[in-house]
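Lifted from TrEMBL, the feature list:
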{"type": "BINDING", "residues": "9-14, ASP34, ARG39, 90-94, 131-132, GLU165, 276-279, ARG346", "note": "NAD(+) binding site"}
{"type": "BINDING", "residues": "161-165, 220-224, ARG260, 267-273, 338-339, ARG442", "note": "substrate binding site"}
{"type": "ACT_SITE", "residues": "CYS276", "note": "active site, nucleophile"}
{"type": "DOMAIN", "residues": "332-447", "note": "domain 'UDP-glucose/GDP-mannose dehydrogenase C-terminal'"}
Amino acid sequence: MITNICCIGAGYVGGPTMAIIAQKCPHIKVTVVDLNEKRIAAWNDENVLNIPIYEPGLSDVVAEARGRNLFFSTDVDAAIDAADMIFISVNTPTKTYGVGKGMAADLKYIELCARQIARVAKNDKIVVEKSTLPVRTASAIKNILDHTGNGVNFQILSNPEFLAEGTAVEDLLAPDRVLIGGDTTPEGQKAIDLLVEVYANWVPKQNILTTNVWSSELSKLTANAFLAQRVSSINALSELCEKTGADVNEVARAIGMDSRIGPKFLKSSVGFGGSCFQKDILNLVYIAKSYGLNEVADYWEQVIIMNDHQKRRFAKNIVKTLYNTVSGKKIAFLGWAFKKDTNDTRESAAIYVADDLLNEQASIHVYDPKVGAVQIQSDLNYLETRSEASNSEGVHVYDNPYEACKDAHAIAVLTEWDEFKAYDWQKIYDAMLKPAFVFDGRNILDAEKMNAIGFQYYKIG
Ligand code: NAD
Ligand code: UGA
């Protein structure tokens, strides 16, 4: 039986996943470690509301387990040494240099973890890939462990995470499935059984799926590719709807009632964001190309091309509608996070729309309930489109939505936060310049009501 778990990486996956394991398995000591001291200090903050990741319900889970059997620490070696099972949950971003730049997953953090585990481990360990990895990474990890270790035995399992941000706690409590891939040898099977036992503390056995390692690794990339492909498919149709008078919400509803298609993940939007869809599809494209499968690679790359087009055409439409110029005009942004109920902004469509509008010399005024000025500036600076000084001159951040919208020429809704629907839109209208434009990149506002107030209201599709 597993009694001591270490997780390397206290991010959006490591933190919530381990908090739930600790909550549901009080007999297991769970230690989450990270090199980032600030992040660990925030996880340990006396006020549990200050934990570094905002997820509905997460602070309650942490409050229950922290200090009992859930610990956060920067002492990576000690946690590795003590653990029977080590989850690797570090970031695997797209490479920004060298071979595979802009496409392949950067595995340097994974390799560092493998080397550290090999150096520290003095008894047999099960190493679990929780990060999303290219198919066949397990063999690289095994190679490092077996050749640099202290002669102890390692079993490598693949256990990809399928939680979505904003619903992490509910996804972890009731996952559609838990996927565990392992070696087909008896030792591999034993390691799989031990991990199954951990999840079986709260997940029904029939929802725990076991496969070989390669299927598990590839299933994670495939799941994200299929999900993102649905969004790009409906977004592609949204542009056709705008030309033909069809309504994309009605089309989505009509096709979604076909049980073979299903109603979920068909919301047309300003484009998908988040740290994973783009990264994982680019990785899939890179892998296909590396095997010479160019048609396979092109097929999936189109999902990204469509998504880039959707973000760009949203910005272009704002410029075109505002009489072909936004120079010096105040454009209010409602939302900056890549989706509601998270403070994560990675790859958020808002960043790219802002970047395009700044190129047109617009003045951007942002309100997001969970994202502050430092993050917003850093997201734009990361693009290196212009100087940091120009970004801070062009972008203003508010903690009050009515202030952000006051005297604006136009409002762009970039995130589907529920509170946006409940605003006093008459009050917002009264304080704006006229004609008052609203570009609803999430189709969350009531078109009829907006038009009745007097807005020039544009939705997607
Ligand atoms: P993240 O950037 O939030 O967290 C990763 C953490 O790992 C960071 O805090 C970093 O400091 C730490 N780290 C990196 N190298 C380290 C090392 N050598 N030792 C100790 N700590 C180290 O990333 P994330 O969003 O949690 O994603 C982690 C992985 O999970 C990625 O592969 C991602 O694709 C995958 N994933 C993410 C999500 C999601 O919703 N964010 C969902 C499913 C899968
Ligand atoms: C996604 C997957 O849903 C998770 O299963 C997976 O574990 C995770 O990626 C990952 O590997 O990181 P996440 O990115 O957190 O989760 O959030 P999603 O709900 O999938 O949304 C992704 C983006 O697509 C958001 O910008 C969202 O607004 C957009 N989206 C989603 C749409 O525009 N329309 C939709 O119908 C659904």
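Glycine is no exception: its Cβ is also placed from the backbone N, Cα and C atoms.
On the structure: features taken from TrEMBL.
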residue : record                 : contacts (Cβ under 8 Å, 6+ apart)
GLY9    : NAD(+) binding site    : VAL32, ASP34, PHE87, ILE88, SER89, VAL90, ASN91, LYS130, SER131
TYR12   : NAD(+) binding site    : ILE53, GLU165, ALA168, SER275, ASP344
ALA164  : substrate binding site : ASP171
ASN224  : substrate binding site : THR132, CYS276, PHE277, ASP280, ILE281
SER268  : substrate binding site : ILE234, ASN235, LEU237, SER238, VAL248, ASN249, ALA252, ASN443, ILE460, GLY461
GLN278  : NAD(+) binding site    : THR94, ALA228, PHE272, ILE304, ASN307, GLU347
PHE338  : substrate binding site : GLU165, PHE272, GLY273, GLY274, ASP344, THR345, ARG346, GLU347, SER348, ALA349, ALA350, THR415
Chain-internal residues, separated by at least six, CB under 8 A from GLU161 (substrate binding site): VAL13, THR17, SER89, LYS130, THR132
Cβ neighbour count (within 10 Å, all chains shown) around ASP34 (NAD(+) binding site): 23
Which same-chain residues, if any, lie at least 6 apart from GLY271 (substrate binding site) yet have Cβ under 8 Å of it: VAL231, ASN235, ASN307, ASP308, GLN310, LYS311, PHE314, ALA349, TYR352
Cβ neighbours of THR94 (NAD(+) binding site) where a neighbour is any other Cβ within 10 Å: 19
Binding-site residues close to ligand 1 - of TYR12, ASP34, GLU161, ASN224, only those whose C-beta is under 6 Å away: TYR12, ASP34, GLU161
Stretch-averaged pLDDT - the domain 'UDP-glucose/GDP-mannose dehydrogenase C-terminal' (332-447): 97
Three-state composition of the domain 'UDP-glucose/GDP-mannose dehydrogenase C-terminal' (332-447), taking helix and strand from DSSP: 46 helix, 20 strand, 50 coil
Candidates near ligand 2 among the binding-site residues GLY9, TYR12, LEU221, judged by a Cβ under 6 angstroms: none
Packing count at GLU165 (NAD(+) binding site) (other Cβ atoms within 10 Å of its Cβ): 24
Coarse DSSP state, helix versus strand versus coil, of GLN278 (NAD(+) binding site): helix
